[in-house]
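Residues or ranges marked as signal peptide in TrEMBL: 1-18. Summarising the annotation, TrEMBL assigns domain 'Plant heme peroxidase family profile' to 19-321. Sequence annotations record features per position, and here TrEMBL assigns disulfide bond to Cys29-Cys110, Cys62-Cys67, Cys116-Cys317, Cys195-Cys227. For Arg56, the entry in TrEMBL reads site 'Transition state stabilizer'. For His60, the entry in TrEMBL reads active site, proton acceptor. Among the features that TrEMBL reports, Ca(2+) 1 binding site is placed at Asp61, Val64, Gly66, Asp68, Ser70, Glu82. Per TrEMBL, the feature heme b binding site maps to His188. Taken from TrEMBL, the feature Ca(2+) 2 binding site covers Thr189, Asp241, Thr244, Asp249.
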Amino acid sequence: MTLPILILLLLSISFTESKLNVDYYKNTCPDFPRIVRETVTLKQSAQPATAAGTLRLFFHDCMVEGCDASILVASNNFNVAERDAEINHSLSADAFEVVTRAKTTLELTCPGIVSCADILAEAARDLVTMAGGPYYKVRLGRKDGLVSKASKVEGNLARANQTMDSIIELFAAKGFTVEEMVALTGAHTIGFSHCKEFSNRLFHYSKTTPTDPEIHPKFAEGLQRTCANYTTDTTMSAFNDVITPGKFDNIYYQNLKRGLGLLASDHALVKDPRTRPLVELYSTNQAAFFKAFAHAMEKVSVHGVKTGRKGEVRRRCDAFNSISA
């Protein structure tokens, strides 16, 4: 890429982001923040896994073609949508539902005004805060994307068995630093992972050692019992943070140092010299983690956003307004 083209690209990104602001709906839909907040509060109270599920849904949306709610679009006879890519099969039904509930209420209050992309961004922030995490500003004015294809997903989301080199490269390609990547991975302080994502560490680590020797022995035993039938019962799962699974805090990083990291990619953070100092910092300084996470989430939330004619405000979040879109 030549320098003039790169400069134009950066200017274009800056201009797009400048169209977003926290008061975007102040005049057109002043009840927007209240409606989203009340909707997520009710849902989180009934289903405590909603916070982690919605945060993951938001991240999976933003990392593929930007934060444009393309993850919410359902497949049809003409198109296999993002949500049906293999890596997205385990996305939370509660997360999809909380966005749908908020959209339904908003369409009754201010029809055709609020995008699904903005609802998802606001809901993710509100739920992080509800779970005990940091508050951060969400700039608004995103439009909903006009494309959602499963074929565009692969290679844009990190997998549990990837090397730290490839994970760092993946984030760098999207403009995120190592510090931002480690902070964002701290989202694993809430939620759970299905056994198939870490079964190799328990049963197939190597020909001579079936279990990863760096997992805490008692933790490994418990996981082996939990995941004993994971090949036949694919719903089997374990908490990402075994100590405080429902609270957004820095215990996740403390766990990594004790051999209590669940995924291979989690454990790699404490092994790699580029990421270990950040694990050490965040494990002992929750304020530093919260500040870094809030900064990184603000950056994620404007990644690849669509404004103006590059998108639309969907009438319903799971379908484009036009079948030909």
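For all residues, glycine too, the Cβ spot is worked out from N, Cα and C.
A TrEMBL annotation is a machine prediction, not a hand-curated record.
Just so it is clear, the model here is predicted, and its values are computed rather than measured.
Same-chain residues with CB within 8 A of the center of the Asp61, Val64, Gly66, Asp68, Ser70, Glu82 CB atoms, the Ca(2+) 1 site residues themselves not counted, are His60, Cys62, Met63, Glu65, Cys67, Ala69, Ile71, Gly145, Ser148, Gly304.
Listed recorded positions near Asp241 (Ca(2+) 2 binding site): none (candidates Asp61, Val64, Cys67, Asp68, Cys110, Cys195; Cα-Cα distance within 10 Å).
Per-residue pLDDT, averaged along the domain 'Plant heme peroxidase family profile' (19-321), amounts to 97 for this model. Within 10 Å of the C-beta of Asp61 (Ca(2+) 1 binding site) there are 30 other C-beta atoms, taking all protein chains into account. With all protein chains in the displayed structure included, the most crowded Cβ environment within 10 Å among the disulfide-bonded residues Cys67, Cys116, Cys227, Cys317 is that of Cys116. Distance noted between the C-alpha atoms of Val64 (Ca(2+) 1 binding site) and Thr244 (Ca(2+) 2 binding site) is 30 Å. Cβ neighbours within 10 Å of Glu82 (Ca(2+) 1 binding site), excluding its own Cβ and spanning all shown chains: 28. Rounded to the nearest whole angstrom, the C-alpha distance between Ser70 (Ca(2+) 1 binding site) and Cys317 (disulfide bond) is 9.
Rounded to the nearest whole angstrom, the C-alpha distance between the residue listed as 'heme b binding site' and Arg56 (site 'Transition state stabilizer') is 9. Looking at Cys116 (disulfide bond) and Arg56 (site 'Transition state stabilizer'), their Cα atoms lie 16 Å from each other. Nearest to Thr189 (Ca(2+) 2 binding site) in space, judged by Cα atoms and limited to the recorded positions Cys29, Asp61, Cys110, Cys195, is Cys195. Remark: Cys62 (disulfide bond) has Val300, Ser301, His303, Gly304 as non-local neighbours, by Cβ distance under 8 Å and separation of at least 6 in sequence. Residues Thr189, Asp241, Thr244, Asp249 make up the record's Ca(2+) 2 site, and a Cβ search at 8 Å around their centroid adds Ile190, Ile243, Pro245, Gly246, Lys247, Phe248, Asn250, Ile251, Tyr252 from the same chain.
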